[in-house]
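These notes are about the structure you will find just below.
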Amino acid sequence: MKNIRNFSIIAHIDHGKSTLADRLIQECGAVEARDMKAQLMDTMDIEKERGITIKAQSVRLSYRYEGEDYILNLIDTPGHVDFSYEVSRSLASCEGALLVVDASQGVEAQTIANVYIALDNELEILPVINKIDLPAADPLRVKQEIEQTIGLDCSGALHVSAKSGLGIKELLDEIIRRIPAPNGQESASTKALIYDSWFDNYLGALALVRVVDGSIKVGQNILVMSTGKKHEVLNLMYPHPLAPQKTQEIKTGEIGIVVLGLKNVTDIAVGDTMTDAKNPTKEAIDGFQPAKPFVFAGLYPIDTDRFEELRDALNKLKLNDSSIQYEPETSVALGFGFRVGFLGMLHMEVIKERLEREFDLDLIATAPTVIYHLTLTDGSEVSVQNPSELPPEQKIAKMEEPYVRATIIVPSEYLGNVITMVSRRRGVQEKMEYINETRVMLVYAIPTNEIVMDFYDKLKSGTKGYASFDYEPIEYREGDLAKLDIRVAGEIVDALSIIVPKEKSYERGKELVEAMKEIVPRQLFEVAIQASVGNKIIARETVKSMGKNVTAKCYGGDITRKRKLLEKQKEGKKRMKAIGRVELPQEAFLAVLKID
């Protein structure tokens, strides 16, 4: 056990985490040179295309140092803000972490957030300055930033280039010297932390565990503590980047994959504790909460007959991603679908893309919303996440909305842009400090509803991509809010309703109807598009009707004949307008997301 090192890599997006993992794997000789490919740890196509890590992967490496063989377990963590729950699980199964910072970019908002999780878990942190071969690299400045913003001593920081492999050997030696070996009791009853789980078509649900005390053997009966269910261990494997390697036992301090032959992942929830069924441990490993959805949106199949396929697809994705929550809902405009809870915007995009890609579905997503707490006039309290379920205004005594604490790091020349943008979104400044002469850290309390739409994109475009952003949910605060409905041809389209601050309802409504006017296809009758709050119409646009030339078949002839046909057409249009239905294209539902 003294020769085991469990560590993970903490980094902001694009600071070179997956490349560094590739280099460590290569240096330890775990993968032959001919099998080596970029982003070896990122297994999903979406991960490779977007260059992000979503699922935490792990790999077991062997390394020789001063004549002894060591086992290094590298636990990869996602860097994006939505997946911080994956980070907290991965970090809880390590003793140390490499803090990777780009030598040209410096400290970013996400880096700070993840370092705090690591410090909470009392990990030994090794600062690593990556990309030092870039012309713009400034390792001294970056070390000062780390010391100033995080308070870590950087005198022993390592300089590496993951791309060229510079300094990788020294890094491995340092990992063995500075990261402590696991401390667990080998003779105690089995106690293991499940820090990831996924579904394999042949083996069923698999749990990736870190054994804290005791060991897990093939054939042993284990108990999952939160569900109280017992399962038999069918197989055990060590994770390896190309194919897992079978083993008979996973010992104290090691990580491994446990095969239980289960049909679904909900029985082995991430963050749960596994123990021996005959002699269970007294208490579970603490510090884990089930992932809470942060953003909700409706997902509907474009072809309503495929509702059951969507249900199956969501069930299968849930096997891999225990954080998705969903329940069926119906919409007048879109038919049958599901209300799905996500961890954040990127998570929502990734899930939608995976549903469309892996299950070949065409989906419409409604505008994302958050959970509101309402106190009604009769004193009762309710929570609402779908705007169309909001009770009438006269029944609501007060309405509270969730807030987040956002940390934004931005170059000082864009400071004005960012402050203007955040205050337009009802942000309240809590703190502002200069990291160095060119970069500023801002801390704001912002209503969650204001950041779920396109806050991140707007922040990036307003700062030429230089700002970084991270958030954590804080509390509910009272807000003066109203439901904005969109009516097309007199009918409310429930899927387009959004909840907005009252003082902004007019401009939001106006922007929405203008956007919709461009999108709604012209009909044979004119279509009114209106925005309303309660029963009051606050904005309107009209889509003009298409003229059909009914007099085309009259060659010459009497004017009264033509007039008769035109009158008849007018009557028909009137009737059509009264009963006509307007088919809304997919873009109409996205228009809600685009208004600022």
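Cβ atoms here come from the backbone N, Cα and C positions, even for glycine.
Quantities reported herein were computed from a predicted structural model and do not represent experimental measurements.
What Swiss-Prot says about this protein:
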{"type": "BINDING", "residues": "Asp14, His15, Gly16, Lys17, Ser18, Thr19, Asn130, Lys131, Ile132, Asp133", "note": "GTP binding site"}
{"type": "DOMAIN", "residues": "2-183", "note": "domain 'tr-type G'"}
Reduced DSSP assignment, Asn130 (GTP binding site):
strand
Pick the one among the binding-site residues Ser18, Asn130, Ile132 whose Cβ has the fewest other Cβ atoms within 10 Å in this structure.
Ile132
Could you tell me the mean pLDDT the prediction assigns to the domain 'tr-type G' (2-183)?
75
